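Per TrEMBL, the feature domain 'Cytochrome c' maps to 91-254. The feature heme c binding site is assigned by TrEMBL to Cys104, Cys107, His108, Met227. Marked as region 'Disordered' by TrEMBL: 132-153.
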Amino acid sequence: MTGKLRSLGLKLFQKAKGGFNWTSVRPKASLPGRTFFAGRPKLLGALGVLAGGAGLLIYALEASVDASSDCVHPPHQDWNHTGLLAALDKESVRRGYFVYKEVCSSCHSLQYIAYRNLVGVCMTESEAKSEAEGITVKDGPNEEGNYFDRPGKLSDHFPSPYPNEDAARSANNGAYPPDLSYIVSARKGGEDYVFALLTGYCEPPAGFTLRDGQYFNPYFSGGAISMGKVIDNEVVSYADENVAASAAQIAKDVVTFLKWTSEPESDERRLLLIKVVLMSAFLIAMSYYIKRHKWSALKSRKIFYIPELERQAAQAAREAELAAKKAESDQCNRCENKNTDKD
Ligand code: HEC
């Protein structure tokens, strides 16, 4: 196998050199790496077996941890936004915002998102403004030093349903409804998990005891969750009549919305990726061409060293030199003869 690869590599290399049969003028280059492993197939084999074994061990450990976990794995859903070049379904994000507002916001905060973030994503500026005006914000102090209530502005963050964690716990049987801003990134399984959690409520199996205020959900770690089933058919009504307000649709929309809040920059990142790939492909092709162009004269130069020709050339030069000398001395002799003639 390696022998075949080697001969293929050599062939390609020879082709790349432009079909020249370069008899080597220089001594063969010897790279340190090449000589180190050359003739040590056993060492190479041992290294390979070791690396493979370590990989298998890590995989087995991970699988055993997964298998011994205390909840059901969420099935994978076909999201519109999975894939390298796919964008978020913005209509779904918009519907999801209304589901959050109608259903989840009575228990969960979304404190890292401001109303201005909605602009250009799933709302126009005036729509987002009127959404913001629907909340009351405590502001101040004013000129008289008093705190006052005012309608929300675009720059305000989403309001939290409870003033602090203790209030949230006491209203929910001691369980704390977490902030949902980054929930999709924060949980293993991401959007699949949140979707499965919202739609996965069922009767507990025989022998499973639930405390007061707990519900059974096989996707939640341990199975007993303090959040009741909040999503059901028609729990919200959509403005768009073509979209059925089924439990699955509502859950899908709110999860898509939460995916956006977890990674608001994901669409821009993908756009940037397209630009970077296109630009760097162009630049790499250009630099390859320029490199070949600059080096072509040097790389295709052929230097001959033929001793016989050289000897002949040296002889010819010597003969020419002698002839020149002879011609010179002849001329001198003639001059001398002339001089004697005069005398
Ligand atoms: C009546 C109050 C209430 C409402 C309404 C509610 N939740 Fe919850 N939620 C809770 C509580 C309480 C917890 C904590 C559960 C626990 O730790 O046992 C929770 C936990 C969660 C979790 C975290 C689960 C985990 O893995 O820790 C997610 C995700 C979640 N809720 C999503 C939602 C979504 C989405 C909505 C709206 C569709 C929603 N919730 C509506 C009370 C609520």
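If you go along the chain as it appears here, the first residue is 1 and each next one adds 1.
Including glycine, each Cβ sits where the backbone N, Cα and C put it.
No curator has checked TrEMBL annotations; they are predicted automatically.
This view paints the features noted in TrEMBL onto the structure.
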{"residue": "Cys104", "record": "heme c binding site", "Cβ contacts under 8 Å, 6 or more apart": "Leu180, Val230, Val254"}
{"residue": "Cys107", "record": "heme c binding site", "Cβ contacts under 8 Å, 6 or more apart": "Pro161, Ala168, Ala171, Asn172, Pro177, Met227"}
{"residue": "His108", "record": "heme c binding site", "Cβ contacts under 8 Å, 6 or more apart": "Tyr100, Pro161, Pro177, Pro178, Asp179, Leu180"}
Cys104 (heme c binding site) in three-state DSSP notation: helix
